[in-house]
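Q: Input: one structure, supplied below.
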2 protein chains.
Amino acid sequence: MANPRTKNDDVKLALGLVGPGLVGKALLDQMRDYLPVLRETRGIDVSVLGIANSRKMLLSDRAIDLSNWQQVFNEATHPSDLVGFRDHLLTCKDPVVPVIVDCSASDHVSDFYKIWMESGVHVVTANKKVNSGPLERYQAVRSLQKDRKVHYFYETTVGAGLPVISTIKGLVDSGDRIASVEGVFSGTLSYLFNNFKAGARFSEIVAEAKASGYTEPDPRDDLSGTDVARKVANLARESGLELELSDIPVRSLVPKELESCETSEEFMRRLPEFDGKMTRLQEEAARAGEVLRYVGSVDVAAGKGSVELRNFPASHPFAQLGGTDNIVLIRTKRYDPQPLVVTGPGAGADVTAGGVFADLVKLCAHFGAPS
Amino acid sequence: MANPRTKNDDVKLALGLVGPGLVGKALLDQMRDYLPVLRETRGIDVSVLGIANSRKMLLSDRAIDLSNWQQVFNEATHPSDLVGFRDHLLTCKDPVVPVIVDCSASDHVSDFYKIWMESGVHVVTANKKVNSGPLERYQAVRSLQKDRKVHYFYETTVGAGLPVISTIKGLVDSGDRIASVEGVFSGTLSYLFNNFKAGARFSEIVAEAKASGYTEPDPRDDLSGTDVARKVANLARESGLELELSDIPVRSLVPKELESCETSEEFMRRLPEFDGKMTRLQEEAARAGEVLRYVGSVDVAAGKGSVELRNFPASHPFAQLGGTDNIVLIRTKRYDPQPLVVTGPGAGADVTAGGVFADLVKLCAHFGAPS
């Protein structure tokens, strides 16, 4: 049966997903539900032809059935090989656009972007490691993007699905000058300080957050500020600064004495010893009519990034945060004195997967899908 | 002299600007300053080949010198003809991408989008009239966009350069469902109610806003709410509703008795007669710990849009607005219960022109410019 004419105009994506964890799973679910609509209404035809984690991979010559991928993946036995994974996408016979979506958090996976992009494979990522990792690797990816005309989308690396990266990009692309970017970039640390009010004990709020699933399994991974620093490094580079992660001073909230605790349980048991110190900071802020917030900042003129615990007056947008929301405040030549502010859930599988999915649709626009 | 190889890869835009008013002028200035950088770094080569207002137009076979366009335009004598304007862009010999940028606010100009797009001319607009005007015209433009694969960008039609339209588009494109969009969409009305506090007189704040240049020459054009209703119609359509502007009930702040004032001076002179009524509303809100805000809303489930004066508790994001800022609050299947919120200057020549410029760069991405 001949394809109707419009089918020949379809943009065909051969997609490989690396990292079928929480975000990857949510993305596969969203694609299962919405790809039929995109095919029908927009001529966007996405076939998932591979799924890989750190141990093994599933390769398929036909679009993997997204209502049943988990079972098929469970049965896969092929050891993970991220070069072979790329090669599989490149063997597709149709005129297709090869793209690898990285929903892992792996530094190892990040080392493959260069190899993928050199072969003309486009990359959409939720993984923060390239944009915040070694400048050399980052710049190699940027050069390939330009020289090989491959696309690289990473909206979700700051604020998940919130429009942060694309907003900064639009400003820079139109000749605006970023002056500063600052915000609360961790849902966990947002929650902790939004709830750290008079009478509260910091360690108890950490315990609550852990119980609610708002922290990493070891809360020190949040409290160390490293994840926030990665976002600051990423934003600094978007703003035109060439900063290494190590250039960014980070105020860790893990007491020195507890860094060496062997288990997160031991850490949590001993954390109350340091409540007094945190309470003093909270009270000091309250006396000035202010609140504590854990913020990441990029100051473009000073050429610096930082991650700090700072006081903000009650009228400041950061003081009005709720829940686990992120907030990003962008000042530019044009957005001055009033900044451009984006607020909302900046973590979570669904909104992150949604941001990745939106990046995929943007990628298709580059290959003729209607805007 | 042979062009260097990279020059052949350039994306070449043949651009015609309709409406060299405040926004159009700012755009030409921004392009004068930043196009050389875009050409060098991104291979984006934009030539402004025509400028038109309602009376006359300037057509040029070579890129108009943007440091001197005003003088050349002043000397132009060719009567405005928006079909001839299009034809001029289509006669360019190079393989160029023809685009018309509409920085007017004209309904008449909006009637030409269809004619332009039928010929394969792309449209970038800051003009709200098509997206909020008759559904039939709007849908014709949408059909052409799809069938002729022409592009249509209009980020600045709500909130100027704030990422509102693109954010909703990304959500819808990735299968999210918009539940509601509400916000303060008028810088003027934002200012009036942000400053309408205990002891203030509404008419005096209107007079201050007028003196500061925050209102239209006749403040009734702001107070009528029509401009807000246009944004609501636009957002409703982005959210999947097929609403006519006339389907949206609007709470006008122009007292019935003053609708017929012949001049804005007469209106301003008589406005204090109605201060008592406004003060009562303000006091009633204050007694409940609330504030008044003039908001536009789209309720997707109810299939409705509205423009109202409503009360909001002090903790609500709308209550925390300052200056002439806009705010947009988007609730979706994924952004629930916490919404996605964008705040910032939503009017002004520079940020609006910047948003139009960013749209132009996005258009270039569709023709091979690196992302």
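The backbone N, Cα and C atoms fix where each Cβ goes, and this holds for glycine too.
No curator has checked TrEMBL annotations; they are predicted automatically.
Heads up, here are the entries from TrEMBL:
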| type | residues | note |
| --- | --- | --- |
| BINDING | A:GLY19, A:PRO20, A:GLY21, A:LEU22, A:VAL23, A:GLY24 | NADP(+) binding site |
| DOMAIN | A:19-155 | domain 'Aspartate/homoserine dehydrogenase NAD-binding' |
| BINDING | A:LYS128 | NADPH binding site |
| DOMAIN | A:163-361 | domain 'Homoserine dehydrogenase catalytic' |
| BINDING | A:GLU216 | L-homoserine binding site |
| ACT_SITE | A:LYS231 | active site, proton donor |
Q: Near A:LYS128 (NADPH binding site), which residues of its own chain have a C-beta under 8 A away, given they sit six or more steps off in sequence?
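A: Set apart from A:LYS128 (NADPH binding site) by at least 6 residues yet with Cβ under 8 Å, we have A:ALA105, A:THR157, A:ASP227, A:ARG230, A:LYS231, A:ASN234.
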Q: Within its own chain, what residues at least 6 apart in sequence put their Cβ under 8 Å from the Cβ of A:LEU22 (NADP(+) binding site), listed in sequence order?
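A: Sequence-distant Cβ neighbours: A:ALA349.
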Q: In Å, rounded, how far does the Cα of A:GLY24 (NADP(+) binding site) sit from the Cα of the residue listed as 'L-homoserine binding site'?
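A: On Cα coordinates alone, these residues lie 18 Å apart.
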Q: For the recorded NADP(+) site formed by A:GLY19, A:PRO20, A:GLY21, A:LEU22, A:VAL23, A:GLY24, name the remaining residues of the chain with Cβ within 8 Å of the site's Cβ center, in chain order.
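A: The surrounding set, listed in chain order, is A:LEU17, A:LYS25, A:ALA26, A:LEU27, A:CYS103, A:SER104, A:ALA349.
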Q: How many Å separate the Cα atoms of A:PRO20 (NADP(+) binding site) and A:GLU216 (L-homoserine binding site)?
A: 18
Q: Long-range neighbours only, meaning 6 or more apart in sequence with Cβ under 8 Å: which ones does A:GLY21 (NADP(+) binding site) have?
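A: The answer is A:ASN53, A:CYS103, A:SER104.
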Q: Just to confirm my parser: what is the rounded mean pLDDT across the domain 'Aspartate/homoserine dehydrogenase NAD-binding' (A:19-155)?
A: 96
Q: What does DSSP assign A:GLY24 (NADP(+) binding site), in three states?
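A: Note: A:GLY24 (NADP(+) binding site) is helical by DSSP.
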Q: Do you know the DSSP helix, strand and coil residue counts for the domain 'Aspartate/homoserine dehydrogenase NAD-binding' (A:19-155)?
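A: For that range the per-state counts are 65 helix, 27 strand, 45 coil.
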Q: When DSSP is mapped onto helix/strand/coil, what comes out for A:GLU216 (L-homoserine binding site)?
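A: Coil, per DSSP.
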Q: Suppose we draw a 10 Å sphere around the Cβ of A:VAL23 (NADP(+) binding site). How many other Cβ atoms does it contain, all chains included?
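A: The Cβ of A:VAL23 (NADP(+) binding site) has 29 Cβ neighbours within 10 Å.
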